[in-house]
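Structure first, then comments.
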C-alpha cells in the first residue's frame, strides 16, 4: 500500500504592479545579482553634497561671526547648526511621496540657501538663510533608506557604508574648501581684489563652490530611480499560487510602532549622545584653534584649521574603508563603542597641553589627536525611522554649539585657575 504524499506547502511569489516604481526596482533586483554601482554612485555624491555645507563651516565660522557681529556671536551659535532638524517630517514625507522628490528638493535647498549664506553680511541674513537651509534639507533620512532599497539584502551593508564613506569624503573636502577659500582677498591678494565680489563678500567663494557641486549633483538626480511603492494594494504584494493566504503573511505586513521598538530607541539615544559630544568637539576645536595663545589657544588661521580638519577627515575615511570592518568583526558594535568612549577621555584631556608645544611637536600631537578623535567617533518605515534618529540627533546638534561655546568662553575668562576654571 503506497503512502499518501504530504500536501505541498503553498508557493509564494512576488506580485509586481505596472507603473509602480517600487515594483520596478524589486523586479530589477530580482533579475540582477550584481552590485548596483550606478545607484550607489548617486547615493555617494548626494551624501557628499549634503555634508559639505556643514563641514566647510568650522574653519571660518569664528571669523565670519566676528566679521558680522562681534558682540552677539553666541546667539549665532544657537541657529547655525539647525541643519536636518526637520528630518522626522521629511522622513515621513519620503515614505508617502517618494525618496527621489525629497532628495532633489533637499539638494536644491543647498544650492539656493548656501549661496545666499555666503552673500550674508548682516546678522539676520545669516540666521535666516541657515535656518531655511536646515529646515528644508531633510535628505539624510531618505538617502539612508534609499541606499538599502536599491540593492539586494546581501549588499545592504555596503549601501549604508557608502553613506558613511560619502560623509567621510565630505569631512575631507569641506574643511579644505572652507579653510583655503574663505577670505580670498586676504589670503590671496594677488588674485582677488578687495573691491571684487569675493572681497566684498569674504565667505562667498567657499559657499559658491559648494553650491556648484550641489548643482551638478542636482542635475544628475534626473537619472535617479525611485524606490517607493506607489499602488493601493500593498497588502497583496505576496500571493499564494493556490490563492490561499496564511496568517503568517498577514502578520508580516503589520507595522510595529517605532516608538515601542526599545532596541531601536536605545540605539537612537546612544547615537544622540555621541552626536552631542562630537558636535561640541567640532565647535570647540575650531574656537580653540583660532584663539590667541594667551587664552590657551593656538592662534591658527582659517586655512590652518581647515587643513587640520581635512587631514582628520582623511584619516577617518581611511579607517572606515580599510580598518573598521576588521575592528567591528573582532570587537562587535557594543564593545567597540565602549572602548572608543573610554579612549576619547584621555585624548580630549591632552588638548589643553598642546598650547605649550610648537613646530613639529605641535603638528604631530595635533594631527594624531584629531585623527584618533575622528576615528573613535565613527562608530517598511525606513524613512520615518531614520527621520526619528536624525531629528533627535539634530536637537543635540542644535544645543551642543551653544553649550560648548558658553563653556569655552567661561573657561577662557579663568585662565589662572589652579584646577577647573573658576574653582
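Including glycine, each Cβ sits where the backbone N, Cα and C put it.
Straight from TrEMBL, the features:
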- 1-423: domain 'Major facilitator superfamily (MFS) profile' (DOMAIN)
- 40-63: transmembrane segment (TRANSMEM)
- 75-93: transmembrane segment (TRANSMEM)
- 105-136: transmembrane segment (TRANSMEM)
- 157-181: transmembrane segment (TRANSMEM)
- 201-224: transmembrane segment (TRANSMEM)
- 262-285: transmembrane segment (TRANSMEM)
- 305-324: transmembrane segment (TRANSMEM)
- 388-411: transmembrane segment (TRANSMEM)
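Per-stretch counts of Cβ pairs under 8 Å to the transmembrane segment (105-136) identify 201-224 as the leading one among 40-63, 157-181, 201-224, 262-285, 305-324. Of the candidate ranges 40-63, 201-224, 262-285, 305-324, 40-63 has the most C-beta pairs within less than 8 angstroms of the transmembrane segment (157-181). If you count C-beta pairs under 8 angstroms between the transmembrane segment (305-324) and each of 40-63, 201-224, 262-285, the highest count goes to 40-63.
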